[in-house]
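According to TrEMBL, the feature compositional bias 'Polar residues' maps to 534-557. For 579-604, the entry in TrEMBL reads compositional bias 'Low complexity'. What TrEMBL lists as domain 'N-terminal Ras-GEF' is 62-193. Residues or ranges marked as domain 'Ras-GEF' by TrEMBL: 229-498. Annotation source TrEMBL lists domain 'Ras-associating' at 644-730. The region 'Disordered' annotation in TrEMBL covers 524-623.
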């Protein structure tokens, strides 16, 4: 018979059970088939046949997806989701449950309450005493455990005792003896026991433990650095990035997990994410040390080193390594390097154009839309999709790309992890952890899984790389002594002062410097106090102190925090060969607005501003008291009011003036509500609301003071940055 079918979906509303809320979707399938051979002989099929020659049948099925529930219901749903046609539930749960439960709690529920056939009560599962039901239940539990071991085996790494893994092994011996899964668990236990406590490969570490005996940290030798071919450097950086990115545990990236890393008891939290950040820092600092580390360099020699790093960045682009690409571009846009205007004037025009095109990839315009689209476009492509507006660069790019294709080896894609961390922190800030009745909001976890799935896809693509480590380069990379912010700034001034200041033709421009570190750090944005910000030099071409005042990063406050990204990119030096600036974000609006810390400049933050991370569960409830289970289509964002809500940044005047906290507000919130939440975020007594006033920073010399009972959402100035200060009343 000849068939054709058409599928439609219809919202079936909600189903509420004790301890759970489900979203119901009706799937309706219309099937058409030819009624007889004569009709099919007429030459038509499906919709083309006249009605009298077709038979239509309709099949309707119900898809039930849990929206919110207690932990017990969410674990039970692991066993019933397949029957409810919610086929992705197990993967979503396993990828996100660490935000609201521990592996031990989930395993105990799964094995002791739902998996123990002898003690399960009749009310929990239907017909558990029947042999058939026991077989079905055993198969369902085996399916869940198999998925858990395959997708998240790291959950069972608990040195030195590995309690959960031993419990699972004991369960399998009693209920599924001699099964393949029992063997798998035994092998996993042996693997964990034979390995040392989990540490991430320290490719980027500059600690003495990573150096061969007799080696010391050193400032880069320009001749030694120049001896490495550009494509070799890019391949080795990609090799390091791939090894670290493949080890990233996806749940470490969840906003509720990553935002807790600054607490003393969490200093070892999310080690796989910290390792990628340390590597990013190392690449950035290596660029700076090679450019500035040798005082004796002439202007032309320093320009050649900058050109070499731009070529290396281009090779990273060909290799689809967006992590090291961004690290190099960020370093070249840092205060200490971009202010070297006489050096940039010696960089060739073609290479400046290449640099500008590479910089445009990471433009913050429209929430970094360019880099997002490019990343998704090339996530699963075999090779990079290169396009250049400059003919000579286009020829070089295509030639290098053709060499890669001739090798016949596909390439993976290494993303800039900060983009995903930002999105997950914003989701954690914008969506509630719990809904009405104290149920866990699983719709939030579904939204988070959309980001986690992208990370997993890219991790899988990295298996396509076929790169061999070059120990000579890796050892050189490890030996590099990284300059502090103060050292790099001082060397930058010395290098510029040594040049002929009479040839400085570019107009001075006011640079609003954006801190790259906030793309990783999420919760707090830390800017240096005024007394620690070095004053700009006349040679820097900056206006006032805005250019160099933000160059001191949070690393200088705590040298042990190696996971902080220490580069502050700003405007690139103006190309002396044309009026446009090098590497500027065209149309991005990044040079507008002022940071509330008057001593430093800041660019206008994008929709998913990374400095807006939240502490877990800190999103306030609305005045209605009841938060619906459904997830809003438009999430509240920073610097934009949408859907009756937005996110603002609040700092404390005085002692805590340099630390921001993100607050979600709605069009129902008044001054006392917002003030109380801000005090809680800053770990201050929330009962002291009457002692504080809320102020919006309009500009460097203007503020908007709110009356006591004002509606913050409608009273705020929506045309400037949503930056507020909480100040004690006089």
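Cβ coordinates come from backbone N, Cα and C, glycine included.
Automatic, uncurated: that is what TrEMBL annotation is.
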Segment-level pLDDT (mean, integer) for the domain 'Ras-GEF' (229-498): 88
Per-state residue totals over the domain 'Ras-associating' (644-730) - DSSP helix, strand, coil: 21 helix, 36 strand, 30 coil
Secondary structure tally of the domain 'N-terminal Ras-GEF' (62-193) (DSSP, helix then strand then coil): 84 helix, 8 strand, 40 coil
